[in-house]
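The following features are taken from Swiss-Prot:
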MOD_RES   Pro3  N-acetylproline
MOD_RES   Lys14  N6,N6,N6-trimethyllysine
BINDING   Asn123, Thr173, Lys177, Arg295, His327, Ser379  substrate binding site
ACT_SITE  Lys175  active site, proton acceptor
MOD_RES   Lys201  N6-carboxylysine
BINDING   Lys201, Asp203, Glu204  Mg(2+) binding site
ACT_SITE  His294  active site, proton acceptor
SITE      Lys334  site 'Transition state stabilizer'
Amino acid sequence: MSPKTETKASVGFKAGVKDYRLTYYTPEYQTKDTDILAAFRVTPQPGVPPEEAGAAVAAESSTGTWTTVWTDGLTSLDRYKGRCYDIEPVPGEESQFIAYVAYPLDLFEEGSVTNLFTSIVGNVFGFKALRALRLEDLRIPPSYSKTFQGPPHGIQVERDKLNKYGRPLLGCTIKPKLGLSAKNYGRAVYECLRGGLDFTKDDENVNSQPFMRWRDRFVFCAEAINKAQAETGEIKGHYLNATAGTCEEMIKRAVFARELGVPIVMHDYLTGGFTANTSLAHYCRDNGLLLHIHRAMHAVIDRQRNHGMHFRVLAKALRMSGGDHIHAGTVVGKLEGERDVTLGFVDLLRDDFIEKDRSRGIYFTQDWVSMPGVMPVASGGIHVWHMPALTEIFGDDSVLQFGGGTLGHPWGNAPGAVANRVALEACVQARNEGRDLAREGNEVIREAAKWSAELAAACEIWKEIKFEFDAIDRL
């Protein structure tokens with residue numbers, strides 16, 4: 001044995017493989033205020049104890065690897081390692097456990113959602129000792145969240161920019177999502193905004209295709225916004241999708257939107273990536289643009305109950321990375337979303353301080369220390385009959401977005417917008433008068449339809465449309 005080997009051996013190095021739980025399962029550990037905490041739903045392979053599975057997650061998402069290594073002796077593992085500090089069974093699920101893991105703050109680069117996710121979920125999800133793994137929640141300590149800018153502006157600043165208070169905002173996604181020329185697209189934008197909507201929207205996959213290049217779309221939409229504003233006296237906007245193949249091209253599109261004088265741009269934050277999103281959010285704050293976020297691809301990550309990542313984690317990540325709006329499901333429409341779960345992450349988007357509440361899927365108390373809030377956007381398969389429920393569920397600080405529920409009106413786009421605006425104003429007035437929208441909502445809509453032919457026609461066309469499927473994402 002060489003002197004060098006003897007020296008290493010003398011300080012305790014022993015080659016080989018040992019159980020993760022001997023190092024990374026520490027039930028006696030007291031979490032620190034500066035720790036990032038994670039709740040993982042763990043499904044171990046048969047024969048793997050839950051303590052070993054939880055410790056493996058902590059190890060592989062922090063300092064560990066499959067064998068002991070010489071260089072462990074060159075640093076302080078106790079300072080840098082993740083620790084599985086608690087494990088509890090999942091009620092009603094065989095061989096599933098919630099493993100709680102604490103990560104020291106020094107493991108993560110400041111202001112980088114990209115680095116945070118690369119560490120915590122970047123590699124461990126393919127680990128063979130686990131049949132499945134899902135990240136249910138994260139606790140972001142103030143000492144880390146304060147390293148992020150967060151949303152470019154936030155809810156209150158947006159309301160001040162738009163001069164709109166006391167009600168949800170109304171939007172519409174232009175349909176068909178693909179195939180329209182830029183001029184016809186701009187026409188639809190104008191008609192919807194003139195009819196009473198606050199916003200219209202590019203669909204998530206509208207970027208710069210052969211049938212409609214981005215610059216042409218931006219110009220025609222800006223013209224539509226200006227014309228609708230002049231006719232209605234209200235501030236209007238269209239979510240111009242700046243998502244592109246490179247960050248440089250994305251910023252170029254945002255710069256052109258600013259030069260046109262429009263109030264808001266849009267980004268697909270999951271397909272575009274967190275680094276691109278944070279870059280765009282910084283540009284938007286510096287240049288007075290609101291930022292609408294679409295969550296395209298989220299269901300690939302969050303829909304399965306035992307594997308992936310819950311949307312509440314993606315919502316927290318977006319609040320740190322930056323966005324003024326984000327799509328959040330509807331509860332009542334065509335897209336996935338159970339009520340208590342949805343309201344849990346809606347609060348995580350909007351509020352400053354959110355208490356732990358397992359009945360709504362919130363595993364940790366979260367303190368955002370005055371980071372601006374994000375408006376949830378309810379969009380997907382909704383129409384005028386849903387308006388009372390949406391107003392009651394989401395409250396004023398939200399965007400209610402009707403695509404087919406506007407453009408599918410039998411009389412055209414502008415009447416469809418009128419119908420939605422009348423329905424919303426009726427629901428807000430009824431709520432302010434103390435009426436119970438959950439119980440009296442349909443009657444409120446019927447009463448309003450007596451005074452609005454556009455609303456009456458919408459009520460007739462969509463009276464039988466429902467999306468009654470059980471939610472997959474249940475507590």
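Note: Cβ is positioned from N, Cα and C throughout, glycine not excepted.
Shown on the structure are the features that Swiss-Prot records.
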{"residue": "Asn123", "record": "substrate binding site", "contacts (Cβ under 8 Å, 6+ apart)": "Glu60, Ser61"}
{"residue": "Thr173", "record": "substrate binding site", "contacts (Cβ under 8 Å, 6+ apart)": "Thr200, Lys201, Asp202, Asp203, Ser379, Gln401, Gly403"}
{"residue": "Lys177", "record": "substrate binding site", "contacts (Cβ under 8 Å, 6+ apart)": "Asp203, Asn205, Val206"}
{"residue": "Glu204", "record": "Mg(2+) binding site", "contacts (Cβ under 8 Å, 6+ apart)": "Asn241, Thr243, Asp268, Thr271, His294, Ala296"}
{"residue": "Arg295", "record": "substrate binding site", "contacts (Cβ under 8 Å, 6+ apart)": "Asp268, Tyr269, Leu270, Phe311, Leu314, Leu318, Ile326, His327"}
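Neighbour counts were taken at the CB atom with a 10 A radius for the recorded positions Lys175, His294, Ser379; the maximum falls on His294. Considering only the recorded positions Lys201, His327, the Cβ with the fewest other Cβ atoms within 10 Å is that of His327. Its Cβ taken as reference, Asp203 (Mg(2+) binding site) is surrounded by 18 other Cβ atoms within 10 Å in the chains shown. Take the mean position of the Cβ atoms of Lys201, Asp203, Glu204, the recorded Mg(2+) site; other residues of that chain with a Cβ within 8 Å of it are Thr173, Ile174, Lys177, Asp202, Asn205, Val206, Tyr239, Asn241, Met266, His294. Residue pairs drawn from Asn123, Thr173, Lys177, Arg295, His327, Ser379, the listed substrate binders, are separated by up to 36 Å at the Cα level.
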